[in-house]
Amino acid sequence: MAAACGPGAAGYCLLLGLHLFLLTAGPALGWNDPDRMLLRDVKALTLHYDRYTTSRRLDPIPQLKCVGGTAGCDSYTPKVIQCQNKGWDGYDVQWECKTDLDIAYKFGKTVVSCEGYESSEDQYVLRGSCGLEYNLDYTELGLQKLKESGKQHGFASFSDYYYKWSSADSCNMSGLITIVVLLGIAFVVYKLFLSDGQYSPPPYSEYPPFSHRYQRFTNSAGPPPPGFKSEFTGPQNTGHGATSGFGSAFTGQQGYENSGPGFWTGLGTGGILGYLFGSNRAATPFSDSWYYPSYPPSYPGTWNRAYSPLHGGSGSYSVCSNSDTKTRTASGYGGTRRR
């Protein structure tokens, strides 16, 4: 080597040494790693709500993550979003992200987040490490539907709307209020249907007062079951010849007893309560949605794999869906952030 690199071959020896250095140092520095990509060369990203990014230096993150907006993150969850590289603005890559959204929602602020290969300032990123963070806002139509929903569903919509915008502490208080309301409803139902209330006799009757007692205590069918009002057991045959003689008195007494809160009052009350506490419980009745935990399981030897979240995690949903839901292609625009 020394003999070959004479005074006239100094340039050749320098190139040969540089070549040997690149052959040995390149793989060590990851220059030939197929997972190391120049971000500007990435043309498109297809991201899924139930998958995680790859990782090398940091922990993996969800490929799709809602971070806020006027509609909140629980009202609607897009399943797949595709982002296209729209060019370089002199600072970083700019993206256009599209998906099918309910006509009540639109994208707010969006940003593509990728893991730098060596650091957060590296122009090269790890393949598969990019995810999208987005805000979900209401459209004008969505705001109109929200207002109409509040007018139509009354107390249920108001309570759910309050729950949606309140903090976690206030949610606990609203849950306590709900329990108190349900207990009150149970008490009303008990008083209407199950409690055998005592009613005073009518102010005037042309028959002797003992006729009512005779009808009630000489009935061959016996007294009503414990816990139920006697007037709900219906007319009962006495099994005696006095039936014809005291029939009008029995009818008058029964008519008086049924004049209080009875079957039709309970039926109307049940219908109103069923309407208020039925299926229309959400403040944003547009669609169902679920999302998964924001942190994947950690397993050794899986640094460069895309994770899928475990099922059974915390979720949020809206039970009030619209069968006439319409969708359209929505777009969001934003830049890049390296982590």
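Cβ coordinates are placed from backbone N, Cα and C, and glycine is handled just like the others.
According to Swiss-Prot, the feature compositional bias 'Polar residues' maps to 318-330. Residues annotated as region 'Disordered' in Swiss-Prot: 318-339. Annotated signal peptide per Swiss-Prot: 1-30, in sequence order. The topological domain 'Lumenal' annotation in Swiss-Prot covers 31-173 and is backed by sequence analysis. Residues or ranges marked as topological domain 'Cytoplasmic' in Swiss-Prot: 195-339. The annotation transmembrane segment is assigned in Swiss-Prot to 174-194 on the grounds of sequence analysis.
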>> Mean pLDDT for the topological domain 'Lumenal' (31-173), rounded to an integer?
In response: 87
> Within the topological domain 'Lumenal' (31-173), how many residues are helix, strand or coil going by DSSP?
Replying inline: 35 helix, 56 strand, 52 coil
